[in-house]
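Have a look at the structure below, then the notes.
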Amino acid sequence: MAKEQLQVLNALDVAKTQWYHFTAIVIAGMGFFTDAYDLFCISLVTKLLGRIYYHEEGGAKPGTLPPNISAAVNGVAFCGTLTGQLFFGWLGDKMGRKRVYGMTLMLMVICSIASGLSFGKDPNAVMATLCFFRFWLGFGIGGDYPLSATIMSEYANKKTRGAFIAAVFAMQGFGIMAGGMVAIIVSAAFKARYPAPAYQLDRAGSTVPEADYVWRIILMFGALPAAMTYYWRMKMPETARYTALVAKNAKQAAADMSRVLQVELEAEQEKVEQGNGFGLFSKEFLRRHGLHLLGTTSTWFLLDIAFYSQNLFQKDIFSAIGWIPKPQTMNAIEEVFRIARAQTLIALCSTVPGYWFTVAFIDRMGRFAIQFMGFFFMTVFMFALAIPYNHWTHKDNQIGFVIMYSLTFFFANFGPNATTFVVPAEIFPARLRSTCHGISAASGKAGAIVGAFGFLYAAQSQDRTKTDKGYPPGIGVRNSLIVLGVVNFLGMVFTFLVPESKGKSLEEMSQENEEDDGSATEMRPNAGNVLRTVPV
């Protein structure tokens, strides 16, 4: 039997788009801007770290990070993010969204600054310090995923909720772009102030001592946007859905939202006293939401294998097709500049527009259609890049390769990269919403770790003489792209497990207004992904 909806929650569902919606998008979105900046800026400076700390006297090529160090530097933040998503997701349901939100931000500010500092000049000491602080930076970033999504979904109205949550996530695109732009500005300034010859002309002189400041400034800059939004995060009231449905304080929820919505709302304490109490590991949760959780975790896992293996190793792909000159023809700071310019161009042309296409269309097309379409085109473009791979490596066809590669990114962002973030914030009960989003996001980060580490080894040439120093032969870039195409196809298949939440209230989706008397209706995904209601 359905219970009546609380007035305060109904008021949020039907509220017109107002100033507070945009404030919430900016406050939550700046966290995501910082997350993306911090996670992706490391890929701009790994080549520089190799030149500074692993230079070999008389080596024909500049120094590079050894495989195990490279994997640790690139991947340690993801390990932190995964644990942070699980821990802060759970904590957000226990202590409340707002209280935990401030903790994650402070952690990000402190660790961003600390990751640019290091104890001693010994390569091992520098890398150990960098990895230690990037793990805890990732831990803070991990908390931002479930909390930002949950706060935005609980503040939004049902008509434009998808666009609001997607807009928070879309700030990631600007974060990636900002990382590239900061690296361009810093490297250009240092390049002008401290000119140096190319590596092949002067091996030791091509890396000026001041280059050591470049990577530190780029990493530490990530603290700035996070610090700027701390005050505003602390001023946001707790979400009404947490206060009413989890903390069971209808009076406080009504008071908070009366202030935000500027309308009089009545506290209905008697309605919040009743309520479902099933937990995450109960049979009731498994019956109602088991398939949904499988759908959100599997699609996010598969997406991130493809998304992160592409994103972190863009610079290798650019070098392979000749878009970035050979390292020995550049000095250390010039190389940072070239890598940053290429990544910023990709972000500007495909990553950022893809996110905002999702914002524009998610409440018209629905989550399912966008996710399915995105996985479909990613599969098509991956195979189109992989099968005639030798054709794309010829000099005349390089622009074609970059266009196809950009389109893959565009459809990742106007597709599953945004929807896998939106849906888990909408379909689970309020008292488990942050936890379930954290589990889904952590599953994604597990995919990112597989993608980032797996691709590092897999993309190595099959010819032992052509592999990067220290790496065993892999399956080559072409075969790696084929594997990623298969991964995207599987993502398309698992999308059928995810229910459509367009235009429905959060309580409707999570069935929180249903009594535990066996007469509840159950949502089941089906081939067309239309929700059927079946008696249980």
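Here the Cβ of each residue, glycine as well, is placed from N, Cα and C on the backbone.
As recorded in TrEMBL:
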- 20-49: transmembrane segment (TRANSMEM)
- 24-503: domain 'Major facilitator superfamily (MFS) profile' (DOMAIN)
- 69-88: transmembrane segment (TRANSMEM)
- 100-119: transmembrane segment (TRANSMEM)
- 163-190: transmembrane segment (TRANSMEM)
- 213-232: transmembrane segment (TRANSMEM)
- 345-362: transmembrane segment (TRANSMEM)
- 368-387: transmembrane segment (TRANSMEM)
- 399-418: transmembrane segment (TRANSMEM)
- 438-459: transmembrane segment (TRANSMEM)
- 480-499: transmembrane segment (TRANSMEM)
- 505-536: region 'Disordered' (REGION)
- 509-519: compositional bias 'Acidic residues' (COMPBIAS)
Message = Is the transmembrane segment (438-459) in contact with the transmembrane segment (345-362), using at least 3 Cβ pairs under 8 Å (sequence separation of 6 or more) as the test?
response = no
Ask   = Do at least three CB pairs under 8 A connect the transmembrane segment (438-459) and the transmembrane segment (100-119), leaving out pairs fewer than 6 apart in sequence?
value = no
Interface-richest range of 20-49, 69-88, 368-387, 438-459 toward the transmembrane segment (163-190), CB pairs under 8 Å = 20-49
Task = May I ask whether the transmembrane segment (213-232) has at least three C-beta pairs under 8 Å with the transmembrane segment (69-88), counting pairs 6 or more apart in sequence?
result = no
Note = Averaging pLDDT over all residues of the domain 'Major facilitator superfamily (MFS) profile' (24-503) gives 88
